[in-house]
Each structure stands twice: as C-alpha cells, then as structure tokens.
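S.K.: As annotated in TrEMBL:
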TRANSMEM  104-124  transmembrane segment
DOMAIN    107-530  domain 'Major facilitator superfamily (MFS) profile'
TRANSMEM  144-164  transmembrane segment
TRANSMEM  176-194  transmembrane segment
TRANSMEM  200-221  transmembrane segment
TRANSMEM  233-254  transmembrane segment
TRANSMEM  260-282  transmembrane segment
TRANSMEM  344-368  transmembrane segment
TRANSMEM  380-401  transmembrane segment
TRANSMEM  408-428  transmembrane segment
TRANSMEM  440-464  transmembrane segment
TRANSMEM  476-496  transmembrane segment
Amino acid sequence: MQASAFAVEAKSGSTSTLQNSRILQGTGDSGKKSLAFASSDLRMTKRKNCFGLGLSSASMGVRGSIHSVFGSSAKARSVRAQASGGDFEDVSPSKIQVKSSGTVFPYVGVACLGAILFGYHLGVVNGALEYLAKDLGIAENTVLQGWVVSTLLAGATVGSFTGGSLADKFGRTKTFLLDAIPLVVGAFLCVTAQSVETMIIGRLLAGIGIGISSAIVPLYISEISPTEIRGTLGSVNQLFICVGILAALVAGLPLAGNPLWWRTMFAFALVPSVLLALGMAFSPESPRWLYQQGKISEAEVSIKRLFGKERVAEVISDLDAAAQGSAEPEAGWFDLFSSRYWKVVSVGASLFLFQQLAGINAVVYYSTSVFRSAGITSDVAASALVGAANVFGTTIASSLMDKQGRKSLLLTSFAGMAASMLLLSLTFTWPALAPYSGTLAVLGTVLYVLSFSLGAGPVPALLLPEIFASRIRAKAVALSLGMHWISNFVIGLYFLSVVNKFGISTVYLGFASVSSGSNVYSWQRCGNEGAIVGGDRTCSQPSYLRYSSEAL
C-alpha cells in the first residue's frame, strides 16, 4: 500500500548482534551482483518514510547491535529484512542517486490540499458550532450538536476503508478526482443548510472525502517523491493537517461580530476542494501504480515528468526489484488475529485507540466552548492559539523524532498530556484557582496540544509501516485507522452529553487517566519488544534499524 519499513533482525546466542554475520543478497538490478557486509561496523544514511498522518526522518550509525522499534531509522536497499511474524522481504541496495531534472514539488503541493482539507473540516466546527446550532434551532439539543460534529467522523471511517481500494483500482490521480465530489458537495450542503438534516448529510459527505484523503495523500506523495527527499516531502502531510486545523480556527475570528459567518467558514472549504480536482487533472499518475498495471510506457512518461529522463532506467529497475520482493501472498482479514500477527496488530490499533480516548479531538472540536465556560471573552482567538501550538509542536517533533527515539517521545507526550489534563481538571474544581481559571484553561490546553503533537500524534502513524509486514500491511493499516476514526466518532458524538452529565472537570480527569494508562502501556510494550515484532531486543536501546522495501 505504501512505502514500508522493516527491522533487520539477527541473533547470536541470546543477544541481537550481527557479529561474524554476513548477508548475501542480489542487488535487484540484474540479479548477478551481490551485497556482502560484516556487521562489526555497519553505518547508513538517514532516511524518512511517509505514511498516514506523517513520518519523520532518521539517520544513524549502528555498531554491533540492532536496536528498538521506537528509535530512529536508516535505509538501505536489497537486504533480506525481517518484519513482524518472521516475514522476510527483499529490499533494494543503496546506490548513488542521479540528480533529477524533473520536479515533484508542484504535485506534492496539490496533494497537500487534501491534507489541508482534512484538518480544516476537523477544526471548522470548533468555533462555528454554537452559531450554527442557534441558526438551525438546535442550541439546546446537545445530542444533535454531537451528531453534527461526529457525522464527519462516521463518513471518514467509511472513506478511510475505501480510499486504498479505490486508489488501487482507478489509480491515485483519478481517486483524487473522485474524492473532490463528496468534498465539494458536502461543503456546499453545509454552506446552504437550512435544517440540521441537511447539515448532517453535508458533514457525512465531507467526512467521506477527508477519509479518502487520509488514505491517498501520503500514498501519492511517497510514490512520486525521489528517494533522497521522500521522507522530507512525506512529513509535510501531518504538518498541513495541522495547518488546516489552524486555518479553520483563525477563520472563526469574525464570528463574534457576525453570527452568520459560520456559513462563510464552510464556504472556504470549497476553494481547496476545487483546486484539488483541477490540480490532479494535470498531475502525473504514480509510476508505481502504472507499473503494477503493466503500463510500462506510461510509467516511463510519468517518471520523466517527475524525476527527469535521466532517471527513467534507475526507477524502472527499482520497481522491478520491488515487484520481486514479496515472498508470500497478501494476508486475509482473519490472519490479522492469528497468533503470528495479533501482537503487532494490537499495538498499532491500541496506540490509535489511546490517542483518541486521551481526548485530543474533544479539544480540537470543543475548546472554544470550554474557554467560553471559563470566562474567556476571546474564546475563538484562544482556540486559534491552540491551533498554532499544534503546528509548532508538529514542526518540533519532526526534528526530535530520530534524535530522541519513538519511545521517549511517546512517554514524554503521554506524561505531558496527563499533567495538562490534570491541571485543567483542577482549574474547574479548586476554588483557589477560580480567579485564574481563564488563564489556566488556555495554558493547560496549549500544553496538552503541544504535548500531543510531540509524540502521541505523529508516532502511532510512524510506527505502522515500521512494524507491519508487507503481506498484512494494507489490512493492518486499515484496521488501525478504522480504530482511529471509530473512537474519534464516539468522542465527538458523546463529549457534550457526558460533560453535561458529569461536568467538564470529571471528563478531563478521565482523559488524564487514559493518558497515564497509555504511558504505562507504551512503557511495557516497548520494554518487551519481542511481544511486538518477534525480536530479542529492548527499547532501552537508542535506535532502530529499518529498511524500506520499495523504491517508490
């Protein structure tokens, strides 16, 4: 489904070392050359990979041992690499890259419009909910307000499960064109809605659109990007999602002076939707997809546009090697629950579940309402500040991911989220803090979002291609993202009702408890990595060696 990554594993006695070991593997170019290396001193160049909500870069030198799944990464080609469940795959060997005369940046920019729409539709309801509820006559009905929020997520669940299949059947660019239909129609219905039923249908269609985008934006970017900058370009997906959320929050600033401005806010989503369709009509198809369809001549034309004619032979050779890399057929759905794969699949699904149950999207959807209840007059502006913190934290995380490692960022992130939610809970509970409730509410929320964006946000998506074998990857990723959207839907639907019944302090205390439990889970599973990828390694080691199995 997307560019993948795998841990290389070798054992000597009971330790994970490569001493006195030798790996012999065909280069994948002609099958006549071989790669032999002793691992007493193995050093490789940093690389990034892209998947889902955004991946980050890696670079390292490894001497003597292979490290953990939550550390940094490195990339080489055509090495016999082992992923979860003992699956071995061939990946291509490193080679000197020929400088490209083509350019991919305009096409990556067009694809990122899908990421912006993803974030915008998630965040637009934050400031607009109160005003559209009054306009549509549901101001006193928190259940219907919850449906306005969460119907988007129900649609996104459907879209995330179907996006990959559509992209495989019709191609990446044609799927983008199809995706523009629910995005445009959904936004139009939201703008013109005179009843809550029309608004819910519009949100459902927009949700289907962003669900499809969540599957195909990172896929398309990873497949059209040159190997030397693929990770850098891939990481912008997560950044532009955050930019979309921030744009939605900033768009709500005029609401206080113009209660009908909420319709204009939804109208803004029409612009990138139309631009996405127009841009993809002139964008090259993924060379990898064309190659898989047997359209070699069309793939060569696409490669010329993206990378330049001097790299056609190299990229086609890489595609040849990748096509021969999988040793087993694709797994079925029930294989995910077998003893061979369930432990690794459960990690991906659980991290996404904890990510949502820790309350991040409750903050994204309802921070304006919470700030208003805390007595903050500039509630929409405060939410915009939260969105800015999200963008800032995501930018910082991309630089820390490989320096600090996955485990340390996850633990720091969940700990910060728990502390922030505890602060917010106390803010609405302790009378002594009442005079400072507004300031503390904003401070706690900003710290929470900042903590989330440093680890709990990017790391789960980053781990998926690193820990899933290729034969289960498509379905395991779909299952994990499905868990993300389903839990997101439940939070969006019931948050206001639960707050009305138990109080915001109790709900925030619950989020703090989930964050603390997530921290314990991450520590335990990372401390026994053998339960994750079948290795004999521990996450106390600082880094993790992985190999990408696909050139595109």
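From the backbone N, Cα and C atoms, a Cβ is placed for every residue, glycine too.
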S.K.: Can the transmembrane segment (440-464) be said to touch the transmembrane segment (344-368) if we require at least 3 CB pairs below 8 Å and skip pairs under 6 apart in sequence?
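M.R.: Between the transmembrane segment (440-464) and the transmembrane segment (344-368), contact is present.
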S.K.: Are there at least 3 C-beta pairs under 8 angstroms linking the transmembrane segment (260-282) and the transmembrane segment (344-368), leaving out pairs fewer than 6 apart in sequence?
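M.R.: Answer no: the transmembrane segment (344-368) and the transmembrane segment (260-282) share fewer than 3 Cβ pairs below 8 Å.
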S.K.: Restricting to the domain 'Major facilitator superfamily (MFS) profile' (107-530), report the mean pLDDT as a whole number.
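M.R.: Across the domain 'Major facilitator superfamily (MFS) profile' (107-530), the average pLDDT comes out at 85.
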S.K.: Hey, which bits of the same chain come close to the transmembrane segment (104-124), Cβ under 8 Å, at least six residues off its ends?
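M.R.: Those are 152, 176, 179, 183, 206-207, 209-210, 213-214, 216-217, 220-221, 224-226, 233, 236-238, 240-249, 251-252, 265-266, 268-269, 272-273, 275-276, 279-280, 283-284, 306-307, 361, 364-365, 387, in sequence order.
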S.K.: Ranking 176-194, 200-221, 260-282, 408-428, 476-496 by Cβ pairs under 8 Å to the transmembrane segment (144-164), which is first?
M.R.: 200-221
S.K.: Name the range, of those listed as 200-221, 408-428, 476-496, that has the largest tally of Cβ pairs under 8 Å with the transmembrane segment (260-282).
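M.R.: The listed stretch sharing the most Cβ pairs with the transmembrane segment (260-282) is 200-221.
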S.K.: Same chain only, please: residues at least 6 beyond the ends of the transmembrane segment (408-428) with a C-beta under 8 Å from a C-beta of the stretch. Say none if there are none.
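M.R.: Same-chain contacts beyond the flanks: 70, 354, 358-359, 374, 397, 400-401, 436-437, 440-441, 443-445, 447-448, 450-452, 454-457, 459, 503-506, 508-509, 511-513, 515-516, 518-519, 522-523, 526.
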S.K.: Which residues, given as numbers and ranges, are at least 6 beyond the ends of the transmembrane segment (200-221) yet have a Cβ under 8 Å from it?
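M.R.: Here the qualifying positions are 1-2, 50-54, 108, 111-112, 114-115, 117-118, 121-122, 147-148, 151-164, 166-167, 172-173, 175-176, 178-183, 185-190, 193, 233-234, 236-237, 266, 269, 273, 286, 481, 485.
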